[in-house]
Amino acid sequence: EKNLTEFTEFYLVGFQSSKLFIIFLFCFTLVIYFGTICGNLLIIVLVSTSRSLHTPMYFFISQLSVTDILLTTNIVPNMLHVLLHNGGAITFAGCMTQLYFFCASETFECFLLTVMSYDRYLAICDPLRYTSIMTNTNCVKLGSASWLFGFFCAFLDTLTILMLTFCGPNTIDHFFCDIVPLIEIACSGSDTVRLEIYILSLPVLFIPITIIVISYINIIVTIIRLHSGMSRQKAFSTCSSHLIVVSIFYFTPLSVYVFPTGGQTLNISKILSLLYTVFTPFINPIIYSLRNRDIAQSLQDIITKIWNL
C-alpha cells in the first residue's frame, strides 16, 4: 500500500471528448472566466467608490464577488491547461491547495448567502430594528465569521483527504481536485471521508438552507400583507436577485455531493461541477447588476464622471 503523501503528482483526465468539443469548451470557458473577473471586479469597485452603495446589502454583494473571483481563479487557469493538453499533471501540493481553496470559497458562499437572506428578512420584516442590528461593525463581523467558517471547514476536509490511502493509479477523472473523485481513487479510508461529508453537510448546507427558507417564508408573508402594490413590488425586487442566486448556487452542490443519483455518469457530474465552479460566479454579477437600479445608476455616474474629465 502507498500512502497519499508518497504521490508527487496526480493526473487530471479532464473531459474526454471530441477535439471540436474540447476546443469549444476551452474558448467558452476562457470567455466566461474573463467575463467573471471583469464583472465581479466592477461590482467591487462600484461598491467601494459609490456612496449610495455603502449599505449592508451591497457590502455582502461585494464579498460574494470576492469569493467568486477566488473560486474561478483557483479552478479555471489549471482547467484551461488540462483542456489544452487533453489532460495534465498537478503536483500533490497543488492538488491539496486547489481542494482547500475550493472548499473554503464554496463553504463561505453558503454562509454568506445565509447572512444575506437574514439581511433581507430584517429589511422587510423588521425595518424599524434594521439600522440598529445591521451596523457596519456587525456587517464586518458577519462577513469575517463567514470567512472563518469557510477556512475552518476547508481545513477539516483537506485534513481528512490527507489521511486517505492510495494503492492504485493516481489518475483523477475530473478537471480539478474535488473531494468525490479523490475518494473514488482511494483504496482505504474513503468511508471516513464519506461520513465526514454527510456530517459537515448539516452545518454547511442544511442549516443555512433551513435559515434561508424560513427567512423567505416570512418575507413572502410580509410582502403579501403589504397594502400598497408599489411597496409590494419594491420589496420583492430587493429579494428576487438574491433568491435566484441562492437557487442556482445550492442546486448543483446538492446534486453532486449530497444527493448524487445512482445513474449519474462521470460526464454529467463534471458538467454539474462546471456549472457551479465556472458558470455561477459569472452569472452572479449579471443577476445583481441587470436587476439592480442602484448598481446601474452608480455605473452610469462613474461613466459620466470619466466622460467629463
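Placed from the backbone N, Cα and C atoms, the Cβ positions cover glycine too.
Here the transmembrane segment (20-46) has long-range neighbours at 53, 61-62, 65-66, 68-69, 72-73, 76-77, 79-80, 83-84, 86, 278-279, 281-282, 284-286, 288-289, 295, 298-299, 302, meaning same-chain residues at least 6 beyond its ends whose C-beta is under 8 angstroms from one of its own. Annotation comment: TrEMBL describes 20-46 (among others) as transmembrane segment.
Positions annotated as domain 'G-protein coupled receptors family 1 profile' by TrEMBL: 39-288. Model confidence over the domain 'G-protein coupled receptors family 1 profile' (39-288) is summarised by a mean pLDDT of 86.
Residues annotated as transmembrane segment in TrEMBL: 147-166 (among others).
Beyond the ends of the transmembrane segment (197-224), by six or more residues, the same chain brings 107, 110-111, 113-114, 117-118, 120-121, 124-125, 153, 156-157, 179, 232, 235-236, 239, 243, 246, 250, 253-254, 257-258 to within a C-beta distance below 8 angstroms of the stretch. The transmembrane segment feature in TrEMBL is assigned to 197-224 (among others).
As annotated by TrEMBL, transmembrane segment applies to 236-259 (among others).
Same-chain neighbours of the transmembrane segment (271-290): 29, 32-33, 35-36, 39-40, 42-43, 61, 64-65, 68-69, 71-72, 75-76, 79, 102, 106, 174-176, 178, 241, 244-245, 248-249, 252-253, 255-256, 296, 299, counting only residues six or more beyond its ends whose CB sits under 8 Å from a CB of the stretch. Annotated transmembrane segment per TrEMBL: 271-290 (among others), in sequence order.
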